[in-house]
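S.K.: According to TrEMBL, the feature active site, charge relay system maps to A:50, A:154. Per TrEMBL, the feature active site, acyl-ester intermediate maps to A:178. Residues annotated as compositional bias 'Polar residues' in TrEMBL: A:59-70, A:126-148. What TrEMBL lists as domain 'Amidase' is A:78-531. Residues annotated as region 'Disordered' in TrEMBL: A:59-78, A:126-152.
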């Protein structure tokens, strides 16, 4: 692990043989909690935390079940590096709320996972600690040891930690798909909650208006149990769901009253509700605009098959829907997110914390304050986005870019509100013009097309690419991977990526073991039902594949 | 006078606490009475009850700042030195309000620190001279992952200030980030209200007594474009050798920025505006510290155009901004200097560049700081962590009704009811950040209690004038700097108001002489006279005024007049009509001689004059008449 510079991402390490070594070379952890010594302390699940979420010197066990004669063991503080050279030695004086919440539910922290610096990237290659690769690389043909696959980004390390089984649950952050994309590439489940549900206090911001804490696990059940709580069908039985917990320290965390108000208009939050037959009642929408030319045919097949299965096996309705603003969403995202990033990252100057450039004589090299420290501290991708954001916020470009992007953002949200049967509790009900719709949309009646409960679409346009190929991509190519995940982020909606098997028509074994990420998007605060449906869908799709 | 301390009001509005031992009933009518009917007979009565707050440590920080010694005096000395050195004669400001052929336009931005217990976006406590870096929250240092938490109590002084400036409070306002790198600003941006400020469209009325330029006549009105909330920066202390010390106690303290319309035409009026704004903010207890102590800072925007262009309806000239003016005088002088510079440039055929300039007290010219090409693009962006600020009508109307009487009404009252001069009334209002006037009311209440007077109902208000004069002039003689009096915002100082009232009650009843009264004042100030021990001290020192009897005065008069026939003849000439004016000078000469001859401590000049005049009329003139 090196803390200097980014070029490590370019040095692809040869794939080795032992499973242990293999894991190490995936480079998915930046720091690991020390092994337990003495009496093992009881815990309910292991937790890996993305390294842009603050952790501190915390005792391993804060649960009241431990005997008072056995004092809790302090562990050394794990640094919070954000995979940046700037913060390579930074130890946070406080712990993120989400980490405390999970520790209170029995989590044992196993380590801090690698990521794209400050969450900016789609392949977890822009890290001061080197690129992450994923375990599926093992199945590459022997002898070609450069065929490592991307773990996706920016929460690539967290997805890998789940895929290897080193963590039952991993925390990621999802700004424009940073949890869902790696989940899709690594064949695990990645969940991005409604904006404002999980506290961001202690999460180092990339773009505050889009940032959410996300959860990764091998199945939906564990995530559902944590979000909805014991009553929601999980095995835990005890403890409140995270959805209920307001954090006074995060100004964007929904108040308790707002949470209750939103939940009253949703199903799945109260323990009494039955969950049987949940699949039969729901309507899925297939967004036509997501069937893009660049979509990998294998993913398109898997998507079509999933739609068919849901319709045939369960009688769920699957209808086409139109989200006309989708094509502008990606551009809007890459204006808004870098703009906020350029502002958020202005605080890194190496004065109060982090790495300061002491080689150059002054902090004001060339008459610009902190220029040397910032020039050395940030990686290329971060610098690119800071420059991009600084430009779009400049007084001359503001109207054409930032303001315009905010308008697009509103249109994207409007699109979603129009196709969902449920209203968005944060906004007034709007009326829509039918002439906006694609002609291929079938009208249900004179009021317009059918409204749906969830959208079903791919998570990413391709399967996990080879790291080798990524190195030859332009940044814009990399940005393309976010095209299906960005719209839900712009609208603040809950979304989940689940792994579905590729079509059985696949020729070789390697192909057969691979999965595609399918994404379900729900209306705001419909997280509980989204998770219940995702769990059922995943089960259905897996069982239908295995029985054939 | 409606001076409910902001801390107390915050506690009431936010937590429903009323931290007073006194009577609630007495307080409420005052609020409505003064607000609804202006100066009313009752309102002053209640001001004496205002101070009963039990102080908590955090209150202490805001209500009793340890005012640092103002460096103004030093600055003025240096200024005088600089003037001497430059060999230029100081221009009379009165002469320099206008330049024939040119019109001046000035707009002002004033920054003032809100009077709150906590910072704007963190619960860290506000402090003034505490141990550096002892009140700093994670967010104040921009620690990664920390978030801003708007402190709603900041709204109370902010809205009061905006109301005092006649602004319309906006139901929804928002916070924006203003980006620039400086070591005193940890986040790399300042949170301010650029696009949607919380208050707009106010106005400030300036009267002649406020010190506006004579050219502006009796009264001029200046519009306020907007008032916004924003964060303060850290305090920098320069150390030898390019080292800067930073105190983050100040970072994030709540400020308001008040932006006027470009409607000011004369330098003196600009200074008057800043002074008036400070007075208004002080009157509603919205802000801490006076301008001279650094609590208020002003930036001025200056432009000029030829009068014929004004007539032709051409737009304003290019403006320059002069930053960081920290005294009223600096405001006026910097504007004059910058106006003259711009006119010189234009008359020489040049162009005024839009740029930022600086000014140091005592100089005669502004200096260029940075030009337009170096101007920072602040890249304003709505803060994505902070929601909109929604201010309810209920809060606004409550604050409006509890604001009490504003300074203009109060000055009118001091002048009309108590007979103070406008100048004295203004001084009383301005001194010690508004604490002096409160002290005056405390003294007056105690005095009336002692005299058994019915306060405002009395037609004779001579005792009030006496109290005002002493609170202003005699108290002022005690110390070189008024800050050394130890005046607290609730109107107490090293001379307790009750003790001054005791002295004045004896003086008013002519039980002691003015000389003795002054000595007693010094005694109380030096703690030679114990608190509450004024009367005892008079007893102990045998200082009671034991006036001469009429008989003794008469004898003394006779003694003095003896051998002054020439003088007495003047009175006869007046009586005979040979002299037009009564020879008052001659009379006073005789009275003076009388005072010197007699036991001064037992004599009262007024009585001496009266007796002397009587004696001349009734005895000597008759005698002269008979003789002639």
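Heads up, the Cβ atoms here are built off N, Cα and C, so glycines get one too.
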S.K.: Near the Cβ of residue A:50 (active site, charge relay system), how many other Cβ atoms are there if near means within 10 Å?
M.R.: 32
S.K.: Identify, in sequence order, the residues in the chain of residue A:154 (active site, charge relay system) that are 6 or more apart from it along the sequence and have a CB within less than 8 Å of its CB; answer 'none' if there are none.
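M.R.: Within the chain, residue A:154 (active site, charge relay system) has Cβ neighbours under 8 Å at A:115, A:116, A:119, A:120, A:121, A:122, A:124, A:172, A:173, A:175, A:178, A:182.
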S.K.: As a test of reading the model: what is the averaged pLDDT for the domain 'Amidase' (A:78-531)?
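M.R.: A mean pLDDT of 88 is what the predicted model shows over the domain 'Amidase' (A:78-531).
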S.K.: For residue A:178 (active site, acyl-ester intermediate), which DSSP three-state class applies?
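M.R.: Coil, per DSSP.
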S.K.: What is the number of other Cβ atoms found within 10 Å of the Cβ of the residue listed as 'active site, acyl-ester intermediate'?
M.R.: 37
S.K.: Indicate whether residue A:50 (active site, charge relay system) is helix, strand or coil by DSSP.
M.R.: strand
